[in-house]
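Engineer: According to Swiss-Prot, the protein carries these features:
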- THR16, ARG84, GLU85, TYR135, ASP242: sn-glycerol 3-phosphate binding site (BINDING)
- THR16, THR17, SER18, THR264, GLY307, GLN311, GLY408: ATP binding site (BINDING)
- THR16, ARG20, THR264, GLY307, GLY408: ADP binding site (BINDING)
- ARG84, GLU85, TYR135, ASP242, GLN243: glycerol binding site (BINDING)
Amino acid sequence: MNTMSHKFVLALDEGTTSARAILFDSDLNIVNIGQYEFPQHYPQPGYVEHDPEEIWEAQMLAVKKAISKIDAKQIVAIGITNQRETTVLWDAKSGKPVYNAIVWQDRRTSPITDWLKANYFKMIKDKTGLVPDPYFSASKIKWILDNVSNVREKAERGEIKFGTIDTYLIWRLTNGKAHVTDYSNASRTMLFNINKLEWDREILELLKIPESILPEVKPSSEIYGYSEALGNLIPISGDAGDQQAALFGQVAFNVGEIKATYGTGSFILMNIGNNPIRSENLLTTIAWGLEKNKAKYALEGSIFITGAAVQWFRDGLRAIDVSDEIEPLASSVEDNGGVYFVPAFVGLGAPYWDPYARGLIIGITRGTTKAHIARAILESMAYQTRDVIEVMQKEAGISINSLKVDGGAAKDNLLMQFQADILGIKVIRPKVMETTSMGVAMLAGLGVGLWNSLEELRNIWKVDKEFIPSMSEEKRRALYSGWKEAVKRAMGWAKVVGGQV
């Protein structure tokens, strides 16, 4: 083909362990992918850090590979999606980070968030949609300001910049000309008022964070600046946190549309439209904003362990040699033989939020084989997804009729069929599974007029396979009731027998 006549969008997907760059054409086909891993640093127990320079280098290597077969002049837009919450502070003049990036998994700031939880829980939840937790950026910023020499003084003089990874990459790509983020990433800092769409002064004062270090918050699709890094000026016109980008990439543009991403853990997001519904057991977050001072919201449920349970079955039990062996093994038995597996290795996330829960396999008899356990592991992913979706439907007052899926385990036909069966709704798997990158490519393309409407994007998006429920209501109820009983037995276990949380 004559690629010179083609227009391309470059999506930078900066994850927790690797930086990726994916090149899309104007029909949203993947043209090329570059991926480079970078290390995580663990200076002390509970500390998880990245070197921002290593992220930048890996990202640029990934870009180089992704665009190796085309002329960079054909790239009409760049979009950036990122691991959310991870925090970088850097010197405004030199651009040099003042400390390593503190990663979303880092728990060092628990004392700060315990204090917030005890004294300001309702205020923070009402304003930000989030619960006080080390996961979010706010306490990480405070820790760097309080613990790294001279940083607070420099911040108060306006000499320090803060950003989540999207902001840091945009700053680097534009040679320091743009210090911006989008609504979706801002909503994960625990400093952004999701009702007023502005940085919240009350929370900033509480944590003694100067507002001058924060980026300007813009819609998820507009030109933020121009990158010179590829040899010619290319507009950076899309920005969204990874899970929100995946929701957009699944063309979940309407209220009640929902997606599940199955990775090491799973993230389920439901589009709830223009009003930030308050939730007891889930997070309320900004999905995206396509216009200034207007946002679409989502309910989010995070499940800590899904794909990681397959890794444990492979590496911990050595029951299989490679992860792909679990599906044929699980398919070799007709059902789970009464076995349930609750993967509470690090407690349970949404909707239980029990840090004291521990993993459990129950229902074992003399006839149980490793195939039954394999099946129970796969089924646990589907049960946990139903747990979250039931709460979403109840709290949003929305009944859903289909679930869009992506991520590694979504390739597993047995699991996807069981997911449809246990939910009693259709499960839809898209042709392009790189929904995070595709979502931000869509946002970037919209930002420069490559596509002109959401309808146009919906028409480009293609289905790979639909899984239709075939299980009887009676069987569905019985299986799910067994799961709920198993979860009850797993909850609070570390409190009963002791052991570290």
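Any Cβ shown, glycine's included, is placed from N, Cα and C.
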Engineer: ARG84 (sn-glycerol 3-phosphate binding site) to SER18 (ATP binding site): how many Å between their Cα atoms?
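Structural biologist: Each residue's Cα considered, ARG84 (sn-glycerol 3-phosphate binding site) and SER18 (ATP binding site) end up 14 Å apart.
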Engineer: Considering Cα atoms only, can you say which of GLU85, ASP242, GLY307 is the nearest neighbour of ARG20 (ADP binding site) among these binding-site residues?
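Structural biologist: Comparing Cα positions, the candidate nearest ARG20 (ADP binding site) turns out to be ASP242.
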Engineer: In Å, rounded, how far does the Cα of TYR135 (sn-glycerol 3-phosphate binding site) sit from the Cα of SER18 (ATP binding site)?
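Structural biologist: Computed Cα spacing between TYR135 (sn-glycerol 3-phosphate binding site) and SER18 (ATP binding site) is 19 Å.
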Engineer: Distance between THR16 (sn-glycerol 3-phosphate binding site) and THR264 (ATP binding site) at the Cα atoms, whole Å?
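Structural biologist: A Cα-Cα distance of 11 Å.
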Engineer: Compute the centroid of the Cβ atoms of THR16, ARG84, GLU85, TYR135, ASP242, then list the same-chain residues not in that set whose Cβ lies within 8 Å of it, in sequence order, for the sn-glycerol 3-phosphate site.
Structural biologist: ASN82, GLN83, THR86, TRP104, ARG188, GLY241
Engineer: Identify all same-chain residues not among ARG84, GLU85, TYR135, ASP242, GLN243 whose C-beta atom falls within 8 angstroms of the centroid of the glycerol site's C-beta atoms; report them in sequence order.
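Structural biologist: These residues sit around the glycerol site: GLN83, THR86, TRP104, ARG188, GLY241.
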Engineer: Could you round the CA separation between THR264 (ATP binding site) and GLN243 (glycerol binding site) to a whole angstrom and send it over?
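Structural biologist: That comes out at 14 Å between the alpha carbons.
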Engineer: Rounded to a whole angstrom, what is the largest C-alpha distance between any two of the residues THR16, THR17, SER18, THR264, GLY307, GLN311, GLY408 that the record assigns to ATP?
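Structural biologist: Taking every pair among THR16, THR17, SER18, THR264, GLY307, GLN311, GLY408, the longest Cα gap is 18 Å.
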